[in-house]
Amino acid sequence: LRCLNCPEVFCRNFHTCRNGEKICFKRFDQRKLLGKRYTRGCAVTCPVAKPREIVECCSTDGCNR
């Protein structure tokens with residue numbers, strides 16, 4: 001599995017996930033509309049969202065755009 005791994009809105013950096021990591025995720029703070037920064041990467045399970053945070057998970061190459 002290959003997931004995007006950079007904080008910019010238009011990310012092109014791919015990271016090859018380790019064995020056992022079968023989820024790509026993207027998380028961001030829903031309050032910050034301008035200058036939005038993302039945390040993207042691989043995970044074993046979908047991360048739990050903190051208050052006012054949005055977490056999106058998927059399981060195909062490059063799906064965490």
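Glycine residues also receive a Cβ, built from the backbone N, Cα and C atoms like all the rest.
Annotated features, as they stand in Swiss-Prot:
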- Cys3-Cys24: disulfide bond (DISULFID)
- Cys6-Cys11: disulfide bond (DISULFID)
- Cys17-Cys42: disulfide bond (DISULFID)
- Cys46-Cys57: disulfide bond (DISULFID)
- Cys58-Cys63: disulfide bond (DISULFID)
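Taking the Cα atom of each, Cys3 (disulfide bond) and Cys42 (disulfide bond) are about 6 angstrom apart.
Following the DSSP three-state reduction, the secondary structure of Cys17 (disulfide bond) is coil. When the alpha carbons of Cys58 (disulfide bond) and Cys24 (disulfide bond) are compared, the span between them is 5 angstrom.
Residue density at Cys17 (disulfide bond): 19 other Cβ atoms are found within 10 A of its Cβ, drawing on all protein chains shown. You'll find the Cα of Cys24 (disulfide bond) roughly 9 Å from the Cα of Cys17 (disulfide bond).
With Cys11 (disulfide bond) as the anchor, the candidate disulfide-bonded residues are Cys17, Cys46, Cys63, and the one with the nearest CA is Cys63.
Here the Cβ of Cys46 (disulfide bond) has 15 other Cβ atoms within 10 Å, regardless of which shown protein chain they belong to.
DSSP gives Cys57 (disulfide bond) a strand state. In this structure the alpha carbons, written CA, of Cys6 (disulfide bond) and Cys42 (disulfide bond) are 12 Å apart. Secondary structure at Cys6 (disulfide bond), taken from DSSP and collapsed to helix, strand or coil, is coil.
For Cys3 (disulfide bond), the number of other Cβ atoms no farther than 10 Å from its own Cβ, over all displayed protein chains, is 26.
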